[in-house]
Every structure is written in structure tokens, then in C-alpha cells.
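What TrEMBL annotates here:
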type     : residues     : note
DISULFID : CYS95-CYS104 : disulfide bond
DOMAIN   : 69-105       : domain 'EGF-like'
DOMAIN   : 160-250      : domain 'Ig-like'
DOMAIN   : 257-351      : domain 'Fibronectin type-III'
DOMAIN   : 355-446      : domain 'Fibronectin type-III'
SIGNAL   : 1-17         : signal peptide
Amino acid sequence: MDSLASLVLCGVSLLLSVPRHEVPDILEVHLPHAQPQDAGVYSARYIGGNLFTSAFTRLIVRRCEAQKWGPECNHLCTACMNNGVCHEDTGECICPPGFMGRTCEKACELHTFGRTCKERCSGQEGCKSYVFCLPDPYGCSCATGWKGLQCNEGIPRMTPKIVDLPDHIEVNSGKFNPICKASGWPLPTNEEMTLVKPDGTVLHPKDFNHTDHFSVAIFTIHRILPPDSGVWVCSVNTVAGMVEKPFNISVKVLPKPLNAPNVIDTGHNFAVINISSEPYFGDGPIKSKKLLYKPVNHYEAWQHIQVTNEIVTLNYLEPRTEYELCVQLLRRGEGGEGHPGPVRRFTTASIGLPPPRGLNLLPKSQTTLNLTWQPIFPSSEDDFYVEVERRSVQKSDQQNIKVPGNLTSVLLNNLHPREQYVVRARVNTKAQGEWSEDLTAWTLSDILPPQPENIKISNITHSSAVIS
């Protein structure tokens, strides 16, 4: 019978047995739902074989799920760097030997370790073959830079390499957060990555994170301006070497219209605007345009609409209200929204009045019609007048007449005899009122009628006769 290989949880029970000839180079045991009671020391050996040739592995099962800590496991762990592990009770990072800091972001000097990197390996080859066991749930590991079952295999250092940094970057003036990303072994730390401006100013990261293979340094420039354009340098300097990557930054000026919008027409609830987006100060191309507006005497925030054409209509405005408006331009890129341009003010019209009542149109002469109406008593104190429009039915002849609001009639003169006219009227203030229904009338004729022909007289008596 072939020998069997077995996996045993020390001092407990046999978990798995495999015929010897079927044992793979790597034996995997899956625990799909690991629980704290699954923690312990596991050994793999041939059944009946020497205990001293067994392989032992200690399994640590955290009480909390990944990236959580606390009695109720409801706190989010700090992002521990350089393979640090979050402590499930305190939330602190347990740093691998060779790193220190709140997030394990600082590398110790060669052959040193400890919470403050003050301890030193005394061996001739430094920390070679040293195994460090730290509080759970970290467990045990080799010193940084070493690997293997005996921790005697050196991990070759890798000169840092800057990645994902384009040669040219176009940015808009304002806040700017450049990023330097680098690989290497050991991974670059926060203090080992800098950014150099064209004037020689050295910037240090405001934020820093890493993955298994890359360190990412995020810098903050609160206000970058066109004079900052030029060659910037991302620099990484570790124990494995130094690398620099120059790149060009072109800082663009945010666009701003030079002129205020023009108001073409207004009503009681609308306005037609020419936004006058050109010419503008700053750099293009323009990606989009906003028309901002709000009432002048109201404590309201600016409203806006996106516009694509130079002529735009603002609807749903309040009557007899003063508004101010301006235009804001947006160029491409993050933070490309420029400052609003000059402000224009305008006032919407009042709501239109109803037409005059009791309108009556009668001929006065061969060239005159007389239009009358009842007295008008408007509800507002605004000045008003009556607008009368008359047009000929037979000809393309039209005239509009303004009549003072205190009158109740008007003579329409200089008309043509024997011609039909259409007349309507409305009451206007600052806003135009509603038109009345059309009235029609003929002017009197300027031609005498012809004498009658073929007159017949019948039924003649001493006091009457029938004429036909």
C-alpha cells in the first residue's frame, strides 16, 4: 500500500490524506468560511514519517473582517503601508520589521528594526536568517529584504522607476494636484518622493498611498499660475537608487467674457438675451457656456442655464422685477470654469392689460372713421396709452396710432373713400396689453349713384303710387 501524505491540525485531528504519488508540489487546503476556531498550527507530513521532516504553518484568523477593527468590528482600519497589518483591537498598524510610523510609511536604516528603528541585527550579515514574530494578527516574517524558509535568501533591490507620468500636461490656473507614481524595491516612501518646480522649489507629498507594486505621491499646489509653466521634475531617491523624470506643465488662463450680455427684448415673464460670449480674456477653446441670472433685490442664489447659441430666451421670470445676468465660460480640463463676466441689469415688463371695452367703429366721412370706447381705469399707477392699429382690406396699408389714456375716441383720418378697413386696439403700459377683436367698417363713397332706369309707376291713387 502506498504511503499517505496527511495534513494535521496539531494535537487535534486528521484533516486530509492523499496518496503519496498524488502529492502535488504545492498542497492547498481551502477554508471557504474561516472562523476563529480554525486558527492554529497546521502540519503536513507523510503518515508514519519522521515528525522532524514535517512542515508547520500557523494560521491566524482575525476576529474582524478585513480592514475593520473594534469590539463590534465597525471601525475602518487605517491604510497600513509596506504590508503592515491592522490590529483588530486598537486599529493601529503593526509594521513589518524594517518599517515604522503610524502607517508603516517610513523605512528603517539597513539592518535595523523596531517601533523606532533603534534596534540593530548583530549578525555579520545583518538581519539574514532572523525571524521576527510580532503581535497577532501579524504573525512571523523575515526581516525586510529577506525571504525563504530560513530567511536567508536576499530580495534583490530594484532601482525605482517612475511610471504613468506624461511628458506634457496642460492644466488650468487654480488648484492643482500632480501625482508621481513609482515602483522599485524597497518601495519608495513618503520622504523619498519629491516634486521640483521650475524655479527650484522642492515640494513634498500632501498625501501618499501604495499598492503591492507602486508608491503614489500626491502633491498640492493651491494656486498654480501661468508663470509656473515650464519643466517640473518628479524625483525618487531610495536605498536602491535615484531616478528623476522631467515633464512639461503648461498653465492656461481661465476664460472670462469681456462684455456684458445684451437684452434684445423683454416681456412680463421672459427676456431674449444675446450672451456676447466673444471676445473673451484668457485661453480657449471654449467647451461650454453658462448664462447666470437672479433677481437683484432677492436673497437668492444664482441660477443658470447651459447655452449653445449666442441668442437665448430666459423663461419663467417674474413680472416687474429687476434681474442681473452674466456669462461664465468653461474650457477643457479639470477646473476649467472661468470667472463670470460683466453683469447686465434689466427689468421685466408688467403683466399686459385687457383691451378697451365698448369699442365701436363708424364711418365719419369719405376719408375718416371714428373709433370710440368706454373710459379706462387701470389698476396700476403706471402711465398707459391706447394703441390703435388700422389696416386696409384691399391694400397693404397699415398704421399704428398712440392715443392718450384719458381719451375715449380717435378719428382715423386720411383714408380712402369706398374702402373697407380693419381696426383693433389695446392698452399698453411698460408691457403691451392684449389686442381686441377686429372691427370692420367702410368709408363713405365719393361717387354719386347713377340715375334710376326703367322706372315703372303703378297703382296710382290721389295719395300714393307704387314705383318699381
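Including glycine, each Cβ sits where the backbone N, Cα and C put it.
No curator has checked TrEMBL annotations; they are predicted automatically.
Each of the disulfide-bonded residues CYS95, CYS104 was scored by the number of other CB atoms within 10 A of its CB, and the lowest score belongs to CYS104.
Secondary structure counts, DSSP: the domain 'EGF-like' (69-105) has 0 helix, 9 strand, 28 coil. Across the residues of the domain 'Fibronectin type-III' (355-446), the predicted structure has a mean pLDDT of 91. Counting residues of the domain 'Fibronectin type-III' (257-351) by DSSP class, helix then strand then coil, yields 0 helix, 46 strand, 49 coil. Within the domain 'Ig-like' (160-250), the DSSP-based counts of helix, strand and coil residues read 6 helix, 56 strand, 29 coil.
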